[in-house]
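Enquirer: If you scroll down you'll find the structure; I have some questions about it.
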Amino acid sequence: MTEWLLDAVLALLLLALAGGALHARNRYAGVLLFIAFGLVLALIWARLGAPDLALAEAAIGAGLTGVLLLAALARQPAGSGAEGVSFARHRLAAAAVLVPLLMILLQGLDPLAEQRSPLPELATGALGQSGVSHPVTAVLLNYRAWDTLLELAVLLLALLGARQLGPARFEVERPWPLLRAWSRSLAPLLLLAGGYLLWSGSSAPGGAFQAGSLLAAGVVLLRLAGVLPALRWSFWPLRLLVLLGLLLFLAVAIACAWFGAGWLVYPDGWAKPLILVIEVAATLSIAASLSLLVVGEAREASA
Amino acid sequence: MSTTLFWLAVGALLWLIGLHGLLTLRDALRRIIAINLMGSGVFLVMIALAARVVPSDPVLVALVVTGLVVAVSATALALRLAGSAERGKSS
């Protein structure tokens, strides 16, 4: 009974925040509601037994996306983008399309609730050979390592695409003194937490994505507090960090194909060290790419 | 009604709220939020399916973890594009 009550409250809160984020009177309130939506979603992931996801959502969905949206809001000239009020008739018509769609979707999803998939047993069955003991990390970096490789490529593509649009004009106002003082003591803790998440990923919830996004959140916080200088693309170690994960992953993939059984099929006994190296490189790359995407770079003198 | 079906329905509803926003709103920032909500709805459906077994199906969880990072990078790119479109309009 209590579980049902918790589920119902979480679901209602989630849907109300989603509606509020879209239809709030002003955009600032909408963005704030969307950040709250991310936090409620993280709670729901934890409730549904996916702590890996709850960690990632709390850092990415609520933290980084929130900063991104607020920065975009600040960049837009005030008063632009009129509130976008549409006619009531318009909204009614959209609802008339969506309600039948909901029926169709529910009918399609209903049989899935009873089906059983053979994948979880296969995944836990092969865990002994995967080199790690946490099934989610095993899937991410061993069984479906291709996904992770391509995901790093997508991140790089997004970063390059954003760079094509010119400097981001991310200007930091004079920071609030309390934030400045706080961030100095928070920074080492964030670094420690990121390292812990990375290390524990082999046996418990955590791993490269969570650690990378936590580190990126730390960099963003320090940048906002004005403690960190602007991140510059022309600074070569930063470029190296961004590329490191993808390059190392590709090198491992090619070496496996050349000397071993095939693309990303790790040789016996090598899985654990290879996964560890890839994970460390991927964490650094994800942290560097995400922080560059979010806080952008200062206007370059030569650009 | 089982817990799985309940969360599947919530996920579908969330996806539709996002789609409704995408259809009716004109502002770029709100539309980007709407697309994010649709993505979250899909993730919710996948995690509800993952939670059919205990412990959760690691394959689906791993897919959603990957999806989250892709979603945030797509959002960043979309916001930059929207920003430069706005600047192009005003100048």
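In case you wondered, yes, glycine gets a Cβ from its N, Cα and C as well.
Those TrEMBL annotations? Automatic predictions, nothing curated.
Pasting the relevant annotations from TrEMBL:
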type: DOMAIN; residues: A:12-77; note: domain 'MrpA C-terminal/MbhD'
type: DOMAIN; residues: A:179-286; note: domain 'Na+/H+ antiporter MnhB subunit-related protein'
type: TRANSMEM; residues: A:6-24; note: transmembrane segment
type: TRANSMEM; residues: A:31-48; note: transmembrane segment
type: TRANSMEM; residues: A:54-72; note: transmembrane segment
type: TRANSMEM; residues: A:92-109; note: transmembrane segment
type: TRANSMEM; residues: A:143-160; note: transmembrane segment
type: TRANSMEM; residues: A:181-199; note: transmembrane segment
type: TRANSMEM; residues: A:211-231; note: transmembrane segment
type: TRANSMEM; residues: A:238-261; note: transmembrane segment
type: TRANSMEM; residues: A:273-295; note: transmembrane segment
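Looking at the shown structure, can you explain where the listed features end up?
Expert: In terms of DSSP helix, strand and coil, the domain 'MrpA C-terminal/MbhD' (A:12-77) has 58 helix, 0 strand, 8 coil.
Beyond the transmembrane segment (A:6-24), the same-chain residues lying 6 or more positions past its ends with a Cβ under 8 Å from any Cβ of the stretch are 30-31, 33-34, 36-37, 40-41, 43-44, 47.
Beyond its flanks by at least six residues, the transmembrane segment (A:31-48) meets 6-7, 10-11, 13-14, 17-18, 20-21, 24, 54, 57-58, 61-63, 65-66, 69-70, 73 of its own chain at Cβ-Cβ distances under 8 Å.
Beyond the ends of the transmembrane segment (A:181-199), by six or more residues, the same chain brings 55, 206-208, 210-212, 214-215, 217-218, 221-222, 224-225, 227, 279-280, 283, 287 to within a C-beta distance below 8 angstroms of the stretch.
With a cut-off of 8 Å between Cβ atoms, the residues of this chain six or more beyond the transmembrane segment (A:211-231) that come close are 55-56, 59-60, 63-64, 67, 172, 174-175, 179-180, 182-184, 186-187, 190-191, 193-195, 197-198, 201, 238, 282-288, 290-292, 294-298.
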Enquirer: So which residues does the transmembrane segment (A:273-295) touch in its own chain, when a touch means Cβ under 8 Å and the partner is 6 or more beyond its ends?
Expert: 60, 64, 67-68, 71, 131-132, 137, 141-142, 145, 148, 152, 155-156, 158-159, 162, 168, 170, 194, 198, 201-202, 207-209, 211-213, 215-216, 219-220, 223-224, 231, 233, 238, 241-246, 248-249, 252, 266
